[in-house]
Amino acid sequence: MNKELEKMKENQEYERRKKIAEEKHKEWVHRKREEERRERKREVSKEMAEKAKRELEKMQLQEKADIKYKEWLKKKRAEEAEKKKKEKEKEKEREAELQEKRTRSEKIFKEWLQNARNKPQPALNGYGFPHGKSTGLY
């Protein structure tokens with residue numbers, strides 16, 4: 001009977017230890033899963049932060065590119081406006097020179113016309129020939 005009682009106590013002790021071991025194992029598994037869940041959460045959070053950082057950098061880079069493009073476009077338009085202005089000035093100069101040349105030409109023509117009226121007319125029958133040509137008779 002003592003042996004049976006001892007065996008029973010040992011079985012109970014074994015069962016108790018087994019139960020404690022199972023509880024500790026369950027607790028350990030639970031902690032491990034919690035830890036893994038937290039780790040995954042941390043990784044996801046870190047990944048999201050990294051992604052947000054990359055997006056921010058991309059947006060900043062895009063803004064810089066837009067600003068540079070606008071500056072370049074403004075400069076280009078200013079250059080084109082300056083070029084058109086210079087071309088207009090050259091065209092005006094050409095027109096002014098052409099007008100001056102026309103005015104001078106008209107003035108010279110009028111002077112020539114005035115002088116041509118005052119010049120004596122050449123003799124039509126010069127040297128006794130009609131129309132300046134020999135008629136064949138002496």
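Each Cβ is built from the backbone N, Cα and C atoms, and glycine gets one as well.
What TrEMBL says about a protein is an automatic prediction, not a curated fact.
Features as listed in TrEMBL:
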type: DOMAIN; residues: 2-135; note: domain 'Coiled-coil'
type: REGION; residues: 1-57; note: region 'Disordered'
type: REGION; residues: 78-102; note: region 'Disordered'
type: REGION; residues: 115-138; note: region 'Disordered'
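For the region 'Disordered' (1-57), the number of residues in each DSSP class (helix H, G, I; strand E, B; coil) is 56 helix, 0 strand, 1 coil. Taking H, G and I as helix, E and B as strand and the rest as coil, DSSP gives the region 'Disordered' (78-102) the counts 25 helix, 0 strand, 0 coil. As a whole-number mean, the pLDDT of the domain 'Coiled-coil' (2-135) in this prediction is 91.
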